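Please read the structure below before turning to the comments.
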């Protein structure tokens, strides 16, 4: 009997310990739920919810410890819940929410719900930083450090981290200051991280997202005026920016063998200073010029515009040809709209290049002209251009063109909707429109499916496009009965779209078949 006491005590401790540990580690900010009605109510009242479903209480322990710290960091911005599917009371809830923890190696699932509906399964890195970043921007891109290829880049999160690295690092240090939305940064990141791996042990390459206003001091100190800005340091001392050099991994590695200050940029000679037969007009002399010349074709341009640069030689050749004619049919002129803003505003110039024709001082519309031949043909016989082609929205197609006012109500009526957010001027959008239109026509007889489009340039749609986290064109989102389900990132072709939608319908048929079997 003398030995029975300790054995009984040990058993009691073993039984109580898991429960005691969990209660000590789980934050009060994590809501434990077992009743389907409670979860339904919570999803109705909170618009950003991450739910941990676990096979048992023990299986959830590590995640709960991590999520307790996350809950504190996102307090007021997101909600974290826990459902123990091993608990008899919670099994019904897990089944209702389609949580499958039957595989032996699957102990937990993390599901995210937004605006009352399922958004996505959390499949990013299970770390404090990644989950916090996700809950602060559920539709945003993953952190750079989540990329397995970026393991050799030092990722800095705070000014304290930045100052500490400058103080301790003895090796040459190259830091990329970036913003998560910056497309040029995204294009350069794979090269930067490849260079970091190649230079491991010889130099340190670091990355720091300084888009937030909390980093204004750093941006001011190192002249970060745009993204990416790459700065070079030696023994904690800033020397110069990596600028006007190549952006490939090979370029970076080669440059770090012998770091040099930025190469001086050779300023472009303004078109007006190049000479030639094109007349360059200003706010001050424009009106007088078009009065004195009975036939004038004017090109409104911007120095940075690639299409303008491509068109300029053809425009110059046409001007020279007209200049050499004994009985010239007119003259060609140009206006730098970035300098002569009064003229640009007066003639509603919103894109470049834009052509305007003036006959005896009166303005006329001009069709699309881009070559010397077309310019000369037009000047010899200026005529009213053919009516413009109907816009996508004006064409008779099966695509639903939505605006902010009817967006939600229309989508709620369709089980599956693929929405294309676009801008009419966007070349990538123009390329994909025929494919998207053909897809809509292919499914026009299926009442549960729709292909819809939103013109984000329209004033009435700009708030909607911002709410839907549209950061580039075209962007494709899939909605299930009006609720955002996922972003479409597959092939932007008719085949890609139709395969995606067919897979959705096949899933419907499979679920319907299973229900019939159960009945």
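The chain as shown is numbered from 1 upward.
Glycine residues also receive a Cβ, built from the backbone N, Cα and C atoms like all the rest.
Predicted, not measured: the structure shown is a model, and the values here were computed from it.
Looking at 512-515, 516-519, the range tied to motif 'Prevents secretion from ER' in Swiss-Prot is 516-519.
For the pair formed by residue 85 (disulfide bond) and residue 305 (disulfide bond), distance between Cα atoms is given as 59 Å, rounded to the nearest Å. Annotation note: residue 429 (disulfide bond) sits in a helical segment as assigned by DSSP. In this structure, the CA atom of residue 94 (disulfide bond) is 60 Å away from the CA atom of residue 308 (disulfide bond). Residue 94 (disulfide bond) falls within a helical segment according to DSSP. By the criterion of other Cβ atoms within 10 Å of the residue's own Cβ, the least surrounded of the disulfide-bonded residues 94, 185, 305, 308, 429 is 305. Assigned with DSSP, the residues of the domain 'Thioredoxin 2' (270-384) fall into helix, strand and coil as follows: 43 helix, 24 strand, 48 coil.
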